[in-house]
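> Okay, here's the structure, questions in a sec.
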Amino acid sequence: MATQNPIQEVQESENSDHLIISQDPQHPANLIPELCSKFWHLGWVTGTGGGASIRNDNLVYLAPSGVQKELMKPEHIYVLDITAQVNPKQRIYLRSPPNLKPSQCTPLFMAAFTKRNAGCCIHTHSQWAVLITLLLESAPNTTMFEINNIEQIKAFGKGYTKTGNLGYHDTLRIPVIENTPHEEDLTEYLEEAMEKYPDTYAVLVRRHGVYVWGESVHKAKTQCESLDYLFQIAVEMKKLGLPWLSNVKPIA
């Protein structure tokens, strides 16, 4: 479904820089630029693509659109109150940096916060993520990436409402949705994937990238790094003719 009525952006206050000024390195306004710089060096957010958002109680901090990720600073960060977003056609910001635009990823980040109570959501344009979606195009099941019996799977939780992490022998499943011309139009399909696969912490976007979330910045970052590792392993396995799903029996 194409976006026909763009969301109206409103700023409540003209002087709200106090929301992004902090000496604490763990403050969201400091963490987001640091994360984006790290992701840029990994090749995940090339050419201003991708983004990150952190929720701290009711405040949501968002990376802007169009800023080189390795050059991002705290003053570039948008801030909104998640409880003030009552009209889907209007997004109210507590802080909007001058001469910048909000990220088109914003409604997808908000879906992770409202539907999964996430503390952080990351969007990358990782080449490995894109390659996985391309490999799946010619597979019998094109809408699900599945892999098991790889140690790094242990980095993922069992599900939003479950305790503990997946084990070595468990199968990690990441749904795939089709890309759309406009990023915000992905929102309804991301939400559908969340509803259909409630245990997932990520959604792949065909020929585009991946969205990954977690209950904290640490968890989201850990899962994003682990997922990229697994995507790369899976691409190399495909080259060698090795299956992503294998029947490895547990050692007694």
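From the backbone N, Cα and C atoms, a Cβ is placed for every residue, glycine too.
Worth saying up front: this structure is predicted, and the values here are computed from it rather than measured.
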> Please identify which of H41, H208, H218 is recorded by Swiss-Prot as part of the Zn(2+) site containing H123, H125.
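Record check against Swiss-Prot: Zn(2+) site with H123, H125, extra candidate from H41, H208, H218 is H208.
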> Would you mind listing, in sequence order, the residues at least six apart from H123 (Zn(2+) binding site) in the same chain with a Cβ closer than 8 Å to its Cβ?
G50, G51, A52, C105, L108, F109, G209, V210, Y211, V212
> Counting only residues 6+ away in sequence within the same chain, which have a CB under 8 Å from the CB of E151 (active site, proton donor/acceptor)?
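Set apart from E151 (active site, proton donor/acceptor) by at least 6 residues yet with Cβ under 8 Å, we have Y168.
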> Neighbours of the Zn(2+) site H123, H125, H208: Cβ within 8 Å of the Cβ centroid, same chain, sequence order.
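Neighbours within 8 Å of the Cβ centroid, excluding H123, H125, H208: G49, G50, T124, S126, A129, V205, G209, V210, Y211.
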> Per DSSP, E151 (active site, proton donor/acceptor) is which: helix, strand or coil?
helix
